[in-house]
């Protein structure tokens, strides 16, 4: 269990970095001042974790007890002009999508694992994972004056996190694989399915 706690923290870190990068590139080209860029990077990186900590009554909030991640968001903000200028617009879109997929996957499964470790019902753990995974991206899109991807895109987003969290819990509770391997595997699964949905027509969801 201690090993899983450490792995979940690592997943949190990877998710925060992924979402921070996504927040950076989402603000590119939108004529946002440095404070606006910092808000985009910060809220994308920490938004999901904050809502998770509130729902699970975890104190202190993760970002308050790990100030190194605040410095990371500040550093990305300072370097934003250099980073954006050096990356062609063609690649900015792809980096944004991949970084967002990383954040979604690691926040969703990591938070689901944390909730499950605390003894919550399976459906609660899944919903905690999904909400954590999508919340930061929703805030980012709102601050960048966009309709949130979770509400507007035909490529599966929250549904991928939902399925990935169930796969994780199924593997762990059936004791098919160790929890840490299940976590890494399900994170990879979510990222692969999310990115594949942009290229495979039948994976798109239309109503």
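Easy rule for this one: first residue shown is 1, then count along the chain.
Placed from the backbone N, Cα and C atoms, the Cβ positions cover glycine too.
Summarising the annotation, TrEMBL assigns transmembrane segment to 6-28, 35-56, 68-84, 96-116, 122-145, 157-176, 182-202. Annotation source TrEMBL lists domain 'Glycine transporter' at 10-80, 97-171.
Against the transmembrane segment (68-84), the recorded stretches 6-28, 96-116, 122-145, 182-202 differ in Cβ pairs under 8 Å, and the greatest number is found for 6-28. The stretch in closest packing with the transmembrane segment (182-202), judged by the count of Cβ pairs under 8 Å and taken from 6-28, 35-56, 96-116, 122-145, is 96-116. Long-range contacts of the transmembrane segment (122-145) within the same chain, counting only residues at least 6 positions beyond its ends with a Cβ under 8 Å from a Cβ of the stretch, are 19, 22-23, 26-27, 30, 32, 36, 39-40, 43-49, 51-52, 55-56, 100, 103-105, 107-116, 157-158, 161-162, 164-166, 169, 173. Panel annotation: around the transmembrane segment (6-28), residues 36-37, 40-49, 62, 69, 72-73, 76-77, 80, 83-84, 87, 92-93, 95-96, 99-107, 109-110, 113-114, 117, 136-137, 140-141, 144, 146, 179-180, 183-184, 187 of the same chain, lying at least six beyond its termini, place a Cβ under 8 Å from a Cβ of the stretch. The DSSP breakdown of the domain 'Glycine transporter' (10-80), given as helix, strand and coil counts, is 56 helix, 0 strand, 15 coil.
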